[in-house]
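Okay, so here's the structure we're looking at.
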Amino acid sequence: MRIDVVDNHGQFTHLEGRALRDLGIETETIDNETPPEEIDADGLVLSGGPDIERAGRCGEYLDLDIPLLGICLGMQVIADELGGSVGSGEYGGYADVTVEIVDDEDPLIGSLAPETRVWASHGDEVKELPEGFSLTGKSDICGIEAMSFEERDLYGVQWHPEVAHTEEGEAVFENFRTICE
Amino acid sequence: MVRPEAFVDDAVAEIRDEIGDANAVIALSGGVDSSVAAALAYEAVGDQLTPVYVDTGLMRKGETEQVSETFSYMESLRVVDAEERFLDLLSGVTDPEAKREVIGEGFIREFEREAKEADADYLVQGTIYPDRIESEGGIKSHHNVGGLPDVIDFEGIVEPVRDLYKDEVREVARELGLEELVAERMPFPGPGLAVRVIGEVTEEKLSVAREACHVVEDELEEYEPWQALAAVIGKATGVKGDNRVHGWVVSVRSVESRDGMTARAQEIDWETLQRIQSRITGKNENVARVVYDVTHKPPATIEYE
C-alpha cells in the first residue's frame, strides 16, 4: 500500500505525509509537475496550497484511475477540472468549524456522522459540484465542505484532516486507506 | 511519530559523517530545538565542537544565565555579549521581514567570527520542519533559514532535526536525557523578543516585552500552554494616578498546539487575566493597557511578526 502526496505548495503538505506515515502507510511527497506516467501509487492526496494557478499537473492525475483525495485547494482542483465551479466564500473559513455529515454512508467521511469538528483555512471554496459528485458535508460558513464521486473514487474535503486540531482527521486518512485497498 | 532511539543513532552517525575531522560551531539558543541539535552534535564529534550562545539582548528574563548554567558541562561553551551590536543593527528597522533578515545576518556574522576563532568549517543549527515550510511558503522567514545571507563563510550547514516537528524534538530530547528542558522551556523564536515588539526595536519596548513575558509565563504555568507570551503592539491612552499616560499596549497570548502548525487560543479565567493585567501595568509605568488575543492559528500565527 502506497499513497503519495502531491505538493501544491501548502503549508500543511508535510503534515499529510506525516499523517500517512503515522498510520504506517508508505508515502512520498511529490512535486505537482511530476509526469503522470511516473506516478506509481495506490492512491494520491492532492494537497492544499495558496493558488490554483500553481496546481501544476494535478488535473492530469484524475485520469490515472486511482483513488484521489483532494484537500482544500486539492478539492477545488478536482471540482474545477471536472466542470464544477470554484469561487471566493462569503466568509473565510479559518480555524474551528463544525461540519455536518450529509451522507453517513460515504466511504470517506460517513463514519464521522452526524458531525465533526475540523480546522480549516481557506478563502475560496467549491460553489457548484461537478457532474457525478454528491455533497457529503456542509457547514454554516461553507455550503460544500466535502464531496464524493464513489464510482470514480474521487473525494474532496475543504478542511484539513492532517492538522492536530481536526478532531477526527486520522479517521479520514484511515478511510482513504480502505478506499485505496 | 519518530522513533527516538533509532533517530538518535542515525543523526549522530550522519553528523559524524558530515563533519568528519573538522571543527564545528553550534548555534545554541537554549530552546529545545538547538539544545537537542547541540546534544546530538556533542555526542557525534565531542571536542571538535564549540557551542556558541549569542546574547543578542533580545532574550527573555534570566535566559542567558540559565543557558550558561545548563550547558556549563560543555567546556568549550562561549557566551557572546552582542547586545549593543544587535541594537545598532536593528536601529530604524521597522518592517517585520527586514527585522528577521537583519537578525539572521547578525547571527551568522557572530558565528562566523567565533567559528574562525574555533577554526570551525561547519555550522550546526536546530532548524526544525515548520521553520522550513513557513520560510519556503513565504509566510515568515526564520532566522536560521530564510534569513541566511548569500555569502556564508562555512563549508557546510548541518541541521540534524530538520525533518522533525516540535513534539518529536521533545521526544528526542527525552531520549537524550534533557528532561528539564522538555518540561520547563516553551518554544521561543530565534529572533527573540524582536518579534514581540511591533515596529522598531528599542530598549524601552524590549524591556516592557521582557517583563511582561515573564509575568505571563509565571501566571499561566498551570494552564500548561504550548506557548505563552506577551507582545508590545502599539500605544494607547490610559490614566494613572490622575495623570494621562500615552503608554504601550501589551497583548497577552497563550495557545495550545501539537506541532505549532495550528494552534488554539486558550480559555483563561478572568481572575488570572486580571492578575496578569495588574502585574504588567503595575510594574511598568509606561504600559497603558493589556489585551488578550483570542485568535487561533490560522488565521493568526503564534508570534506577532
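All positions are counted from 1 along the displayed chain.
Backbone N, Cα and C atoms are what each Cβ position is placed from, and that goes for glycine too.
TrEMBL has this to say about the protein:
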ACT_SITE  A:Cys72  active site, nucleophile
ACT_SITE  A:His160  active site
ACT_SITE  A:Glu162  active site
DOMAIN    A:5-176  domain 'Glutamine amidotransferase'
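For the active-site residues given as A:Cys72, A:Glu162, the lowest number of other CB atoms within 10 Å of the residue's CB is seen at A:Cys72.
Around A:His160 (active site), taking its Cβ as the centre, 29 other Cβ atoms fall within 10 Å, counting all chains. A distance of 11 Å separates the Cα atom of A:Glu162 (active site) from that of the residue listed as 'active site, nucleophile'.
On the 0 to 100 pLDDT scale, the domain 'Glutamine amidotransferase' (A:5-176) averages 96 in this prediction.
Look at A:Glu162 (active site): DSSP puts it in coil. Put simply, A:Cys72 (active site, nucleophile) is 7 Å from A:His160 (active site) when counted between their Cα atoms.
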